[in-house]
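Annotation comment: TrEMBL describes 1-111 as domain 'RUN'. Annotation comment: TrEMBL describes 169-203, 240-347 as coiled coil.
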Amino acid sequence: MVRKSFLSHNKTIWGPLELVEKLYPEAEEIGASVRDLPGLKTPLGRARAWLRLALMQKKMADYLRCLIIQRDLLSEFYEYHALMMEEEGAVIVGLLVGLNVIDANLCVKGEDLDSQVGVIDFSMYLKNEEDIGNKERNVQIAAILDQKNYVEELNRQLNSTVSSLHSRVDSLEKSNTKLIEELAIAKNNIIKLQEENHQLRSENKLILMKTQQHLEVTKVDVETELQTYKHSRQGLDEMYNEARRQLRDESQLRQDVENELAVQVSMKHEIELAMKLLEKDIHEKQDTLIGLRQQLEEVKAINIETYQKLQGSEDGLKEKNEIIARLEEKTSKITAAMKQLEQSDNDLLTQTRTIAMSLVKCASSDTQDQYKLVKDISF
């Protein structure tokens, strides 16, 4: 609205009325309701609606008093010689206190508040002597008063709901800020956890690579050990076959000697004692051979068990190495025992042969006589 009397140039009355919301918190409700009203397009229409609502609240004098006190803010809207900037403004505001006595019930919705008001017809508000005793007029006034009381009660309820809504909005803003802080903390924790997860994955990959390399090395070692064990077992089998062949030969020789000794039943006690000693030694050799066979079977079973354990698990490599070492010690002991047995067999064979030759030479004359007797008897 262009300045006409006391407003400064290019300013409207809606500007200072908007300042009341900042100075008087209870006026925020009026400002919000004026902005929400449909059909108001000009600042003048908003100012008229604001004044009507202030009259219905009976707080127009209070609102304008807060505005008059802040003259430094009013200097933006009024000239220095304007009425609102002088002391007469405070007097006018004091006179407005009388309006609080009036119960105003003004219509705001549906009114054309933006257009300029022409001549106001006060005839309908003037008292007429003819209408004093009109009962219908009194009924209408009672109805208007009831509506006014209803509007005031509704206004109080709206004030209470607005205050509760303000408190709820404050609590929601506080909870929202807390939730935002918690969300930021959660995001930071998620970022830290992702970094830790990435680090753990990299460490896991390194551990897997190291374990695979270790497994490959251990696998190669186990294969080489198995190959050496197979070679050693093949050598033991060859030695065992050789021992069996020698035993077969010795058994054949023993059979020949027994056949020869069967013919010489009546030989001297020395030959019998020698044969008994020889049989005893042969029995001991058989026992030792049986024991060696059992040990070889145990070695085979242990080898099979170690082979299965080597395929089954990787943690028992140390125990298997110890078992293989013990097996190697046993095989070395068995080879040494076999060599000792071979040497003792050779010694016994040489001794028996020498004794047999000596006895045969000594008893050749007796055997010839015995053969002759046997032949004569057979004939």
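Cβ atoms here come from the backbone N, Cα and C positions, even for glycine.
Here the domain 'RUN' (1-111) has, by DSSP, the following mix of helix, strand and coil residues: 69 helix, 2 strand, 40 coil.
The coiled coil (240-347) scores a mean pLDDT of 80 in the predicted structure.
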